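Enquirer: Here you go, one structure.
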Amino acid sequence: MSAGGEHLNEEGNRIQVVAAGATAGLVSRFCVAPLDVVKIRLQLQIHSLSDPLSHRDIKGPIYKGTISTLKSIFRDEGITGLWKGNIPAELLYICYGGIQFSSYRAISSALRTLPHPLPQPVESFISGAVAGGIATTSTYPLDLLRTRFAAQGNDRIYASLRVSVRDIARTEGPHGFFRGATAAIAQIVPYMGLFFAGYEALRSPIASLELPFGTGDAGAGVVASVIAKTGVFPLDLVRKRLQVQGPTRRRYIHTNIPVYEGVYRTIRAILASQGPKGLYRGLTVSLIKAAPASAVTMWTYEHVLGLLKDMNCGDDEDDGGGGI
(Lines of atoms letter the chains of each structure in order from A and count residues from 1; the text may use other names and numbers.)
(Lines give C-alpha, C1' and ligand atoms only; values in the text may rest on other atoms or scores of the structure.)
Protein backbone atom coordinates (compact mmCIF):
# COMPACT_ATOMS: atom_id res chain seq x y z
CA MET A 1 0.00 0.00 0.00
CA SER A 2 1.06 3.53 -0.56
CA ALA A 3 0.45 4.69 2.95
CA GLY A 4 -2.72 6.29 1.82
CA GLY A 5 -1.06 8.21 -1.02
CA GLU A 6 -2.69 6.31 -3.87
CA HIS A 7 -6.32 5.52 -4.46
CA LEU A 8 -7.38 1.99 -5.37
CA ASN A 9 -7.81 2.87 -9.03
CA GLU A 10 -4.18 4.06 -9.25
CA GLU A 11 -2.52 0.91 -7.94
CA GLY A 12 -1.12 -1.97 -9.98
CA ASN A 13 -1.88 -3.21 -13.46
CA ARG A 14 -5.01 -5.10 -14.45
CA ILE A 15 -3.63 -8.61 -13.90
CA GLN A 16 -2.20 -7.68 -10.50
CA VAL A 17 -5.53 -6.16 -9.45
CA VAL A 18 -7.50 -9.25 -10.52
CA ALA A 19 -5.04 -11.60 -8.77
CA ALA A 20 -5.04 -9.55 -5.57
CA GLY A 21 -8.84 -9.24 -5.58
CA ALA A 22 -9.35 -12.96 -6.11
CA THR A 23 -6.87 -13.83 -3.35
CA ALA A 24 -8.53 -11.38 -0.98
CA GLY A 25 -11.92 -12.97 -1.66
CA LEU A 26 -10.59 -16.49 -1.11
CA VAL A 27 -8.93 -15.69 2.23
CA SER A 28 -11.82 -13.59 3.50
CA ARG A 29 -14.44 -16.21 2.71
CA PHE A 30 -12.65 -19.03 4.50
CA CYS A 31 -12.18 -16.93 7.63
CA VAL A 32 -15.82 -15.88 7.99
CA ALA A 33 -17.61 -18.95 6.59
CA PRO A 34 -19.08 -20.08 9.95
CA LEU A 35 -20.57 -16.64 10.59
CA ASP A 36 -22.04 -16.63 7.09
CA VAL A 37 -23.79 -19.96 7.73
CA VAL A 38 -25.17 -18.60 11.01
CA LYS A 39 -26.41 -15.45 9.28
CA ILE A 40 -28.22 -17.41 6.58
CA ARG A 41 -29.87 -19.73 9.12
CA LEU A 42 -31.12 -16.74 11.15
CA GLN A 43 -32.34 -14.89 8.06
CA LEU A 44 -34.42 -17.88 6.96
CA GLN A 45 -36.02 -18.35 10.39
CA ILE A 46 -39.52 -16.88 10.35
CA HIS A 47 -41.08 -17.81 13.71
CA SER A 48 -41.18 -15.41 16.65
CA LEU A 49 -38.52 -15.99 19.30
CA SER A 50 -40.61 -14.19 21.92
CA ASP A 51 -43.73 -16.32 21.37
CA PRO A 52 -43.24 -19.95 22.47
CA LEU A 53 -46.67 -20.86 21.08
CA SER A 54 -45.38 -20.18 17.56
CA HIS A 55 -42.82 -22.98 18.01
CA ARG A 56 -45.31 -25.83 18.51
CA ASP A 57 -45.49 -27.04 14.92
CA ILE A 58 -41.85 -26.42 14.04
CA LYS A 59 -39.89 -29.55 13.14
CA GLY A 60 -36.51 -27.93 12.60
CA PRO A 61 -34.18 -26.18 15.05
CA ILE A 62 -34.91 -22.87 16.75
CA TYR A 63 -31.94 -20.52 16.69
CA LYS A 64 -31.47 -17.75 19.24
CA GLY A 65 -28.48 -15.48 18.79
CA THR A 66 -25.08 -15.89 17.19
CA ILE A 67 -23.25 -17.95 19.81
CA SER A 68 -26.24 -20.21 20.48
CA THR A 69 -26.64 -20.86 16.74
CA LEU A 70 -22.94 -21.66 16.33
CA LYS A 71 -23.17 -24.16 19.19
CA SER A 72 -26.36 -25.69 17.82
CA ILE A 73 -24.94 -26.21 14.32
CA PHE A 74 -21.71 -27.64 15.73
CA ARG A 75 -23.63 -30.02 18.03
CA ASP A 76 -26.15 -31.21 15.43
CA GLU A 77 -24.08 -31.18 12.23
CA GLY A 78 -20.46 -31.26 13.34
CA ILE A 79 -17.62 -28.88 12.52
CA THR A 80 -18.23 -29.27 8.78
CA GLY A 81 -21.72 -27.86 9.25
CA LEU A 82 -20.16 -24.46 9.87
CA TRP A 83 -18.56 -24.55 6.42
CA LYS A 84 -21.60 -25.73 4.46
CA GLY A 85 -21.69 -24.12 1.05
CA ASN A 86 -18.00 -23.26 1.25
CA ILE A 87 -17.07 -24.66 -2.19
CA PRO A 88 -19.52 -22.50 -4.19
CA ALA A 89 -18.78 -19.67 -1.77
CA GLU A 90 -15.02 -19.86 -2.40
CA LEU A 91 -15.65 -19.89 -6.15
CA LEU A 92 -18.03 -16.97 -5.65
CA TYR A 93 -15.58 -14.90 -3.64
CA ILE A 94 -12.64 -15.60 -5.94
CA CYS A 95 -14.62 -14.57 -9.04
CA TYR A 96 -16.41 -11.74 -7.26
CA GLY A 97 -13.22 -10.29 -5.79
CA GLY A 98 -11.38 -10.32 -9.10
CA ILE A 99 -14.29 -8.81 -11.05
CA GLN A 100 -15.10 -6.25 -8.36
CA PHE A 101 -11.63 -4.78 -7.95
CA SER A 102 -10.77 -4.80 -11.65
CA SER A 103 -14.13 -3.19 -12.50
CA TYR A 104 -13.65 -0.60 -9.78
CA ARG A 105 -10.23 0.31 -11.15
CA ALA A 106 -11.46 0.50 -14.75
CA ILE A 107 -14.53 2.60 -13.92
CA SER A 108 -12.58 4.96 -11.67
CA SER A 109 -9.97 5.51 -14.36
CA ALA A 110 -12.68 6.16 -16.95
CA LEU A 111 -14.39 8.70 -14.70
CA ARG A 112 -11.12 10.55 -14.22
CA THR A 113 -10.98 11.25 -17.96
CA LEU A 114 -14.21 13.28 -17.88
CA PRO A 115 -13.84 16.95 -18.90
CA HIS A 116 -15.05 17.98 -15.45
CA PRO A 117 -13.59 15.61 -12.83
CA LEU A 118 -15.98 14.43 -10.14
CA PRO A 119 -15.28 14.98 -6.45
CA GLN A 120 -13.39 12.00 -5.03
CA PRO A 121 -16.27 10.75 -2.80
CA VAL A 122 -18.68 10.87 -5.76
CA GLU A 123 -16.21 9.08 -8.02
CA SER A 124 -15.64 6.38 -5.38
CA PHE A 125 -19.39 5.93 -4.84
CA ILE A 126 -20.18 5.57 -8.55
CA SER A 127 -17.22 3.26 -9.18
CA GLY A 128 -18.07 1.07 -6.21
CA ALA A 129 -21.76 0.89 -7.06
CA VAL A 130 -21.23 -0.05 -10.71
CA ALA A 131 -18.43 -2.50 -9.88
CA GLY A 132 -20.64 -4.17 -7.27
CA GLY A 133 -23.51 -4.49 -9.73
CA ILE A 134 -21.26 -6.04 -12.39
CA ALA A 135 -19.67 -8.49 -9.95
CA THR A 136 -23.00 -9.49 -8.40
CA THR A 137 -24.70 -10.15 -11.73
CA SER A 138 -21.72 -12.11 -13.07
CA THR A 139 -21.45 -14.42 -10.05
CA TYR A 140 -25.06 -14.62 -8.85
CA PRO A 141 -25.66 -18.34 -9.54
CA LEU A 142 -22.77 -19.16 -7.18
CA ASP A 143 -24.33 -16.94 -4.51
CA LEU A 144 -27.62 -18.80 -4.82
CA LEU A 145 -25.86 -22.17 -4.55
CA ARG A 146 -23.97 -20.98 -1.46
CA THR A 147 -27.24 -20.05 0.23
CA ARG A 148 -28.95 -23.33 -0.61
CA PHE A 149 -26.05 -25.43 0.67
CA ALA A 150 -25.81 -23.38 3.88
CA ALA A 151 -29.57 -23.82 4.43
CA GLN A 152 -29.33 -27.63 4.28
CA GLY A 153 -29.52 -29.64 7.47
CA ASN A 154 -28.34 -33.21 7.94
CA ASP A 155 -30.87 -34.34 5.32
CA ARG A 156 -29.07 -33.09 2.27
CA ILE A 157 -31.00 -31.85 -0.76
CA TYR A 158 -27.93 -31.56 -2.97
CA ALA A 159 -25.14 -34.12 -2.65
CA SER A 160 -22.57 -32.05 -4.54
CA LEU A 161 -22.06 -28.86 -6.49
CA ARG A 162 -22.45 -30.71 -9.79
CA VAL A 163 -25.69 -32.35 -8.65
CA SER A 164 -27.11 -29.03 -7.49
CA VAL A 165 -26.43 -27.36 -10.84
CA ARG A 166 -27.99 -30.28 -12.70
CA ASP A 167 -31.08 -30.45 -10.47
CA ILE A 168 -31.79 -26.72 -10.52
CA ALA A 169 -31.36 -26.58 -14.29
CA ARG A 170 -33.72 -29.54 -14.73
CA THR A 171 -36.46 -28.58 -12.26
CA GLU A 172 -36.35 -24.78 -12.29
CA GLY A 173 -34.67 -23.84 -15.55
CA PRO A 174 -32.19 -20.96 -16.03
CA HIS A 175 -34.48 -18.69 -14.01
CA GLY A 176 -33.82 -20.87 -10.96
CA PHE A 177 -30.21 -19.71 -10.77
CA PHE A 178 -31.29 -16.07 -10.52
CA ARG A 179 -34.00 -16.18 -7.85
CA GLY A 180 -33.64 -13.02 -5.77
CA ALA A 181 -31.22 -11.39 -8.21
CA THR A 182 -33.25 -8.16 -8.29
CA ALA A 183 -32.94 -7.81 -4.51
CA ALA A 184 -29.24 -8.62 -4.72
CA ILE A 185 -28.52 -5.90 -7.26
CA ALA A 186 -30.76 -3.40 -5.44
CA GLN A 187 -28.76 -4.18 -2.29
CA ILE A 188 -25.23 -4.35 -3.64
CA VAL A 189 -25.24 -1.14 -5.71
CA PRO A 190 -25.80 1.24 -2.76
CA TYR A 191 -23.79 -1.04 -0.44
CA MET A 192 -20.64 -1.06 -2.56
CA GLY A 193 -21.07 2.62 -3.35
CA LEU A 194 -21.20 3.47 0.35
CA PHE A 195 -18.41 1.01 1.15
CA PHE A 196 -15.87 2.28 -1.37
CA ALA A 197 -16.74 5.94 -0.74
CA GLY A 198 -16.30 5.38 2.99
CA TYR A 199 -13.15 3.34 2.54
CA GLU A 200 -11.47 5.92 0.30
CA ALA A 201 -12.44 8.71 2.72
CA LEU A 202 -11.12 6.87 5.78
CA ARG A 203 -8.08 5.22 4.25
CA SER A 204 -5.72 8.21 4.17
CA PRO A 205 -6.34 9.48 7.72
CA ILE A 206 -6.21 5.98 9.20
CA ALA A 207 -3.06 5.15 7.22
CA SER A 208 -1.28 7.98 9.03
CA LEU A 209 -1.82 6.23 12.37
CA GLU A 210 0.85 3.92 13.73
CA LEU A 211 -1.07 0.62 13.73
CA PRO A 212 0.48 -2.87 13.98
CA PHE A 213 0.95 -5.01 10.84
CA GLY A 214 -0.24 -2.20 8.57
CA THR A 215 -3.83 -2.61 9.76
CA GLY A 216 -4.94 0.84 8.62
CA ASP A 217 -6.50 -0.75 5.54
CA ALA A 218 -8.35 -3.20 7.77
CA GLY A 219 -9.62 -0.44 10.06
CA ALA A 220 -10.95 1.61 7.16
CA GLY A 221 -12.60 -1.51 5.73
CA VAL A 222 -14.32 -2.32 9.04
CA VAL A 223 -15.87 1.11 9.54
CA ALA A 224 -16.95 1.45 5.91
CA SER A 225 -18.51 -2.01 5.89
CA VAL A 226 -20.54 -1.58 9.09
CA ILE A 227 -22.02 1.68 7.84
CA ALA A 228 -22.90 0.27 4.42
CA LYS A 229 -24.18 -3.10 5.67
CA THR A 230 -26.66 -1.61 8.13
CA GLY A 231 -28.18 0.60 5.45
CA VAL A 232 -29.04 -2.19 3.01
CA PHE A 233 -29.58 -5.21 5.28
CA PRO A 234 -33.34 -5.71 4.63
CA LEU A 235 -32.63 -6.33 0.95
CA ASP A 236 -30.03 -8.94 1.88
CA LEU A 237 -32.62 -10.79 3.97
CA VAL A 238 -35.16 -10.60 1.14
CA ARG A 239 -32.57 -12.01 -1.26
CA LYS A 240 -31.97 -15.02 1.00
CA ARG A 241 -35.69 -15.74 1.36
CA LEU A 242 -36.14 -15.63 -2.42
CA GLN A 243 -33.08 -17.80 -3.10
CA VAL A 244 -34.60 -20.82 -1.35
CA GLN A 245 -37.92 -20.64 -3.19
CA GLY A 246 -38.84 -23.34 -5.65
CA PRO A 247 -39.58 -27.08 -5.40
CA THR A 248 -37.07 -27.63 -2.56
CA ARG A 249 -38.42 -24.83 -0.34
CA ARG A 250 -39.80 -27.10 2.40
CA ARG A 251 -36.76 -29.41 2.53
CA TYR A 252 -34.23 -27.03 4.10
CA ILE A 253 -33.29 -26.86 7.79
CA HIS A 254 -36.27 -24.49 8.24
CA THR A 255 -39.21 -26.34 6.73
CA ASN A 256 -41.75 -23.54 7.25
CA ILE A 257 -40.34 -20.93 4.85
CA PRO A 258 -43.36 -19.24 3.18
CA VAL A 259 -43.84 -18.75 -0.53
CA TYR A 260 -42.44 -15.38 -1.59
CA GLU A 261 -42.70 -13.73 -5.00
CA GLY A 262 -40.85 -10.55 -5.91
CA VAL A 263 -38.93 -8.08 -3.78
CA TYR A 264 -41.78 -5.68 -2.99
CA ARG A 265 -44.29 -8.40 -2.12
CA THR A 266 -41.72 -10.21 0.02
CA ILE A 267 -41.04 -7.06 2.02
CA ARG A 268 -44.79 -6.52 2.49
CA ALA A 269 -45.30 -10.13 3.59
CA ILE A 270 -42.47 -9.96 6.13
CA LEU A 271 -43.72 -6.66 7.55
CA ALA A 272 -47.26 -8.06 7.82
CA SER A 273 -46.28 -11.28 9.58
CA GLN A 274 -43.13 -10.34 11.51
CA GLY A 275 -43.09 -6.56 11.73
CA PRO A 276 -40.10 -4.28 10.99
CA LYS A 277 -37.82 -6.46 13.14
CA GLY A 278 -38.41 -9.28 10.70
CA LEU A 279 -36.40 -7.42 8.07
CA TYR A 280 -33.37 -7.28 10.37
CA ARG A 281 -33.07 -10.89 11.47
CA GLY A 282 -29.41 -11.82 11.50
CA LEU A 283 -28.21 -8.19 11.48
CA THR A 284 -26.01 -8.64 14.54
CA VAL A 285 -24.08 -11.58 13.13
CA SER A 286 -24.04 -9.84 9.75
CA LEU A 287 -22.24 -6.87 11.28
CA ILE A 288 -19.97 -9.16 13.28
CA LYS A 289 -19.15 -10.94 10.03
CA ALA A 290 -18.90 -7.80 7.92
CA ALA A 291 -16.20 -6.24 10.06
CA PRO A 292 -13.61 -9.06 9.87
CA ALA A 293 -14.62 -9.95 6.30
CA SER A 294 -14.02 -6.42 5.03
CA ALA A 295 -10.92 -6.02 7.17
CA VAL A 296 -9.41 -9.27 5.88
CA THR A 297 -10.46 -8.48 2.30
CA MET A 298 -8.92 -5.01 2.17
CA TRP A 299 -5.81 -5.95 4.18
CA THR A 300 -5.18 -9.00 1.97
CA TYR A 301 -5.90 -7.06 -1.22
CA GLU A 302 -3.52 -4.22 -0.37
CA HIS A 303 -0.70 -6.50 0.79
CA VAL A 304 -0.99 -9.06 -2.03
CA LEU A 305 -1.11 -6.23 -4.55
CA GLY A 306 1.95 -4.67 -2.95
CA LEU A 307 3.77 -8.00 -3.08
CA LEU A 308 2.87 -8.52 -6.74
CA LYS A 309 4.02 -5.01 -7.60
CA ASP A 310 7.32 -5.58 -5.79
CA MET A 311 7.81 -8.83 -7.68
CA ASN A 312 6.77 -7.23 -10.98
CA CYS A 313 4.34 -10.14 -11.31
CA GLY A 314 1.87 -10.11 -14.19
CA ASP A 315 1.95 -8.41 -17.56
CA ASP A 316 2.39 -4.66 -17.58
CA GLU A 317 -0.46 -3.21 -19.58
CA ASP A 318 -0.75 0.12 -21.24
CA ASP A 319 2.85 1.30 -20.81
CA GLY A 320 3.55 0.14 -17.29
CA GLY A 321 0.03 -0.52 -15.99
CA GLY A 322 -0.78 3.13 -15.52
CA GLY A 323 -3.96 2.90 -17.61
CA ILE A 324 -6.71 0.52 -18.48
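Each Cβ is built from the backbone N, Cα and C atoms, and glycine gets one as well.
As listed in Swiss-Prot for this protein:
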| type | residues | note |
| --- | --- | --- |
| REPEAT | 12-110 | repeat 'Solcar 1' |
| REPEAT | 119-205 | repeat 'Solcar 2' |
| REPEAT | 212-307 | repeat 'Solcar 3' |
| TRANSMEM | 15-35 | transmembrane segment |
| TRANSMEM | 79-99 | transmembrane segment |
| TRANSMEM | 125-145 | transmembrane segment |
| TRANSMEM | 182-202 | transmembrane segment |
| TRANSMEM | 218-238 | transmembrane segment |
| TRANSMEM | 282-299 | transmembrane segment |
Enquirer: Are the transmembrane segment (282-299) and the transmembrane segment (15-35) close enough that 3 or more Cβ pairs fall under 8 Å, when only pairs 6 or more apart in sequence count?
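Expert: Counting Cβ pairs under 8 Å, at least 3, so yes.
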Enquirer: Just to be sure I understand, if DSSP states are collapsed into helix, strand and coil, how many residues of the repeat 'Solcar 1' (12-110) fall in each?
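Expert: Its residues divide into 76 helix, 0 strand, 23 coil.
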Enquirer: Please report, as numbers and ranges, the same-chain residues at least 6 past the borders of the transmembrane segment (182-202) whose CB is under 8 Å from any CB of it.
Expert: 7-8, 100, 104, 120-122, 124-133, 135-137, 140, 143, 219-221, 223-225, 227-229, 231-232, 235-236, 238-239, 242, 262-263, 266, 294, 298
Enquirer: Hey, which bits of the same chain come close to the transmembrane segment (125-145), Cβ under 8 Å, at least six residues off its ends?
Expert: 9, 85, 88-89, 91-92, 95-96, 99-101, 103-104, 107-108, 111, 118, 161, 164-165, 177-181, 184-185, 188-197, 243
Enquirer: What does DSSP give as the helix, strand and coil breakdown of the repeat 'Solcar 3' (212-307)?
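Expert: Per-class counts: 76 helix, 0 strand, 20 coil.
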Enquirer: Which whole-number mean pLDDT does the model give the repeat 'Solcar 1' (12-110)?
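Expert: Mean per-residue confidence for the repeat 'Solcar 1' (12-110): 85 out of 100.
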